[in-house]
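Trainee: Take this structure first; my questions come after.
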Amino acid sequence: LLLRWRRRRGLWRKVKEARQRQERSLVQMEMAVRRFREQHPSVNMVSILSLPLPELSKKLRDGSLPPEHVFYAYVGKALQIATETNCITEYLQESETQLQKAKLTGKLGLLYGVPVSIKDSIDCQGHDSTLGFIKNLNKPAAEDSVVVQVLRRQGAIPFVKTNVPQSLISYDCKNLIFGQTFNPLLYTRSPGGSSGGEGALVGGGGSILGFGTDVGGSLRFPAAFCGICALKPTGNRLSKKGIISGVLGQKAVAAAVGPMAKDVESLALCMRALLCEDMFNLDSTVPPLPFNEEIYSGTQPLRIGYYETDFFTMPSPAMRRAIRETKQLLEDAGHTLVPFELMNVDYMIFNFCIRGMFADGATSFLKRFKGELEKSSMGLFFWLAKSPNWLKTVLSWIAKPFVPRFSDIVRSMRANTVDEVWSLHHEIEEFCHQFIAQWKKLNLDVMLCPMLGPALSIGYPGKLSVAVSYTMLYNILDFPAGVVPVTMVTDEDEEELKGYQGYFRDWWDRTLAKAFRSSTGLPVAVQCVALPWQEELCLRFMKEVETL
């Protein structure tokens, strides 16, 4: 007991030190901005912050806007948003040195002078990538991840790291070290996750371009919840070298790294900058596919598949309306819309997603939590994961008639043999080929899909892991998928929500109905999807939706 007490005290000391570092970061930001304002009292920070990224980068490159004006304008705004939402974990003080060097070199990359924010799990040299785990504190990365190296070479200035949920396997944004991040649009709501710190910072206007990762919607949830745009590319279009994943080594559900910004043109500019020789030289496993300008700037009408529901997670009235209104606008603009029927989404969620992520019975995932202080929010999950296979089978069988979805989750968490894992991977490949065949049969260019929204109240995402069905599908398929906000929740949507029952009418459906409530005025987004390696077409479609 004494040893345990001493160990716990040591862990709490590490947490306290990390929080003090976080506070010091905000003080450093405040001092840096104050110094700059004293030296340059006439700089109009508000007008700088109002510039969209393409215009801002043009002014930086042609010299009409000094990089330090832009940098300190964003440091000041980021400080304000961090104070309101608790989204920043660390200020990268070396960014000030990089700013001075950038002015001297004269080499103007596509993102010259643009301050960018980076998710906690993306390595930046000399800084921790904690994933919300105490054991990862005071273990600074030896070098920058490839994405950060390329950003620097393109002239961008990474200036802050942002908060994540513990382990990343969540679409909320809370951990024991840095606490809860809040949605900048409404503080009682979650910013989404796991790139929640990025969503809050970009959504609040404290960063013009942010970078996160996505293994089930971790870029798309924060974008949708905070009313901004994001692109989850095909898993290997951008390098993941130096990026730490939630479940190391699993291959069933494809992870990706991607950008978040206020508009689609900013995402396109970012992809243009990243898909360069440097990216392909630094990580030769990334296919050397430069950004295809011709496809992105195409104007020919598109054949667009669409669906309003996946028949697993019942869409909120606002989600359904978002699809219907977008479909109508696209048709009016001369595009062809074709209904697409999704099949067996429940099978995909339980057998491919949950079983695929935790094929070892969640053993490697549990190891991550060994020696950590608090696991209370995931108590049932841990208990299930630690149970022997025979108990999971019995529990699944008993629960089947009463709570079929719980029964399926328990069954999906059994430890698999190597033979079973290979068989699962083969099944996922077959599923992907069938999905593409259905797509090709309808001769589609892209797909319009629902996106979970509006933002759920804080604490609800942890109870509603089943609601990831709309996003997780495109990690299993490894298709590029982007999010564009298209509407806001109306009083009529709220009224209609009173009749929401869900498809299973179980505890999860009732909880989701509660989580959607009292959301008038909050943004609702749609997903835009393309076939693998067609990020440019995906962005072109997103741009079309945004414009309409």
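Glycine residues also receive a Cβ, built from the backbone N, Cα and C atoms like all the rest.
Note: TrEMBL annotation is automatic and uncurated.
Here's the feature list from TrEMBL:
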- 73-539: domain 'Amidase' (DOMAIN)
- LYS119: active site, charge relay system (ACT_SITE)
- LEU168, SER194, VAL215, GLY216, GLY217, SER218: substrate binding site (BINDING)
- SER194: active site, charge relay system (ACT_SITE)
- SER218: active site, acyl-ester intermediate (ACT_SITE)
Trainee: Starting from the Cβ centroid of LEU168, SER194, VAL215, GLY216, GLY217, SER218, which together make up the recorded substrate site, report each further residue of the same chain whose Cβ lies within 8 Å of that point, ordered by sequence.
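Mentor: Nearby residues not in the site list: ILE169, SER170, TYR171, GLY193, SER195, THR213, ASP214, LEU219, PHE221, GLY246, ALA255.
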Trainee: To see if you understand the setup: which same-chain residues, six or more apart in sequence, place their Cβ under 8 Å from that of GLY217 (substrate binding site)?
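Mentor: Listed in sequence order: TYR171, LEU452, VAL468, TYR470, THR471, MET472, ASN475.
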Trainee: Let me know the largest Cα to Cα distance in Å among the substrate-binding residues LEU168, SER194, VAL215, GLY216, GLY217, SER218, as an integer.
Mentor: 11
Trainee: Counting other Cβ atoms within 10 Å of each residue's Cβ, which of the binding-site residues LEU168, VAL215 comes out lowest?
Mentor: VAL215
Trainee: If one measures from the C-alpha of SER218 (substrate binding site) to the C-alpha of LYS119 (active site, charge relay system), what distance in angstrom results, rounded to a whole number?
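Mentor: Given the Cα positions, SER218 (substrate binding site) is 11 Å from LYS119 (active site, charge relay system).
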Trainee: Taking all residues of the domain 'Amidase' (73-539) together, what is their mean pLDDT?
Mentor: 96
Trainee: For LYS119 (active site, charge relay system), which residues in the same chain are close in space, meaning a Cβ under 8 Å from its Cβ, but six or more apart along the sequence?
Mentor: LYS161, THR162, VAL164, SER194, SER195, GLY197, GLU198, GLY210, PHE211, GLY212, THR213
